[in-house]
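Visitor: This is the structure I want to talk about, given as structure tokens.
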Amino acid sequence: GGEGASVRKTFANIIISILGSGVLGLPFTYRVSGWAVAATSITLAGGLSYYCMILLVKCRDKLSSNGGHHFIQTYPDLGYHTFGNLGRQVIEVTLLISQAGCCVAYLIFIGHNLSSVFFPDSKYALVIAILVPLEIVLAWVRSLASLAPFSIFANVCNVLAMAIVIKEDLGRLHSTGEKMATFKGWQSVPFALGVCIYCYEGFGMTLSLQASMRKPHKFARVLGLAFGLITTVYLVFGLAGYAAFGEETLDIVTLNLGNRDWSTKLVKLGLSIALFFTFPVMMYPVYEIFEGRLLLNKWFQRSVVPSPRLLAAVTGSIRGVVVVVVALIAVAVPGFGTFISLVGSTVCALLAFVFPALFHARVCADAPAWSRAVDATLVVFGVVFAVYGTYQT
């Protein structure tokens, strides 16, 4: 059958949906926790995320083979077929918070990078204030297809940024040879784990990526290869950044590059432009969930829906308000590293470990004892970690 995505395309899509700007916070994580803790956290977060993505796929396969008529395309669908309406709602809200969290991180990122290029002396809030009206206009673009090229551009810029940072690292390594800490105490472990879990966030995409494959049975292998590559990139990049800048490593490593030459300025600009256009793509599911809820409202169906102009005005205003709220959070949070660690240790940990393990325990109740023990461990780990991570940050 010619339908469906090839193995190669799926591999690329997995990498695109997971590898994000979080990677630029990894060198800082190495600095805060020491290289041994950071490297262990990256490997552990990657291994567990892979295992749990496979759990989601197993649940879907099991539910589809039982009744056969269940069409489970998304994570919330799986929630619905496992725990009913509550399941769907909890997953929707958690995904919503994690997507919005990503968008806040994008704005912090763009704000810092652009202000380092154009307004080195002023607060990055200024940049965010300029961006908000532009993002609101973009939020009114109804079709995602027109924005798709920008997310590809974002990935190209990400890779370029990493290449320039590594080139810079190699140059500095030769001259400085900073001494690197191995371990900086247990209190830094939750921070490191939070950032690393954030860096593997792509759970909203897992099921639809597998469903879109021409040969879905090959998904586990493709996912494994993609995770292997991503984990290697994370380990090398984080270590290289820390090795170059040592105790001066900043929470967004591109800020360490200064503005010496055009290539560093170009990377900061490119990344910022790319993320600026990826922002509406990331926000899209957030708007969809809000608008979907509104459409269920009887009054709304009666009074607003019949008039296309009124409907457009209402949904447009809601999108505007959501963008403003996200921007206010971005200005209020203390730093990129702290923020992504918080998102990682709360909503991302729930989406990555707790929910997949709960679903698996419920759907595959006949699984071997060891796998049920793993499910229980994941749930406990995820919940304890979320509570502790929140309390600490």
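The backbone N, Cα and C atoms fix where each Cβ goes, glycine too.
I grabbed these lines from TrEMBL:
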{"type": "DOMAIN", "residues": "4-393", "note": "domain 'Amino acid transporter transmembrane'"}
{"type": "TRANSMEM", "residues": "12-30", "note": "transmembrane segment"}
{"type": "TRANSMEM", "residues": "36-57", "note": "transmembrane segment"}
{"type": "TRANSMEM", "residues": "93-112", "note": "transmembrane segment"}
{"type": "TRANSMEM", "residues": "124-141", "note": "transmembrane segment"}
{"type": "TRANSMEM", "residues": "148-166", "note": "transmembrane segment"}
{"type": "TRANSMEM", "residues": "186-207", "note": "transmembrane segment"}
{"type": "TRANSMEM", "residues": "219-246", "note": "transmembrane segment"}
{"type": "TRANSMEM", "residues": "266-290", "note": "transmembrane segment"}
{"type": "TRANSMEM", "residues": "310-333", "note": "transmembrane segment"}
{"type": "TRANSMEM", "residues": "339-361", "note": "transmembrane segment"}
{"type": "TRANSMEM", "residues": "373-391", "note": "transmembrane segment"}
Visitor: Any contact between the transmembrane segment (310-333) and the transmembrane segment (124-141), i.e. 3 or more CB pairs below 8 Å with pairs at least 6 residues apart?
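Guide: They do touch: at least three Cβ pairs between the two stretches lie under 8 Å.
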Visitor: Answer yes if the transmembrane segment (219-246) and the transmembrane segment (93-112) have at least three CB pairs under 8 Å among residue pairs 6 or more apart in sequence, and no otherwise.
Guide: no
Visitor: Counting Cβ pairs under 8 Å to the transmembrane segment (186-207), which of 36-57, 93-112, 124-141, 373-391 comes out on top?
Guide: 36-57
Visitor: Give residue numbers and ranges for long-range contacts of the transmembrane segment (124-141): same chain, 6 or more residues beyond its ends, CB-CB under 8 A.
Guide: 107-108, 110-112, 114-115, 118, 147, 276-277, 279-280, 283, 287, 316, 319-320, 322-324, 327, 330-331
Visitor: With the transmembrane segment (373-391) as the reference, find which of 12-30, 36-57, 93-112 contributes the most Cβ pairs under 8 Å.
Guide: 36-57
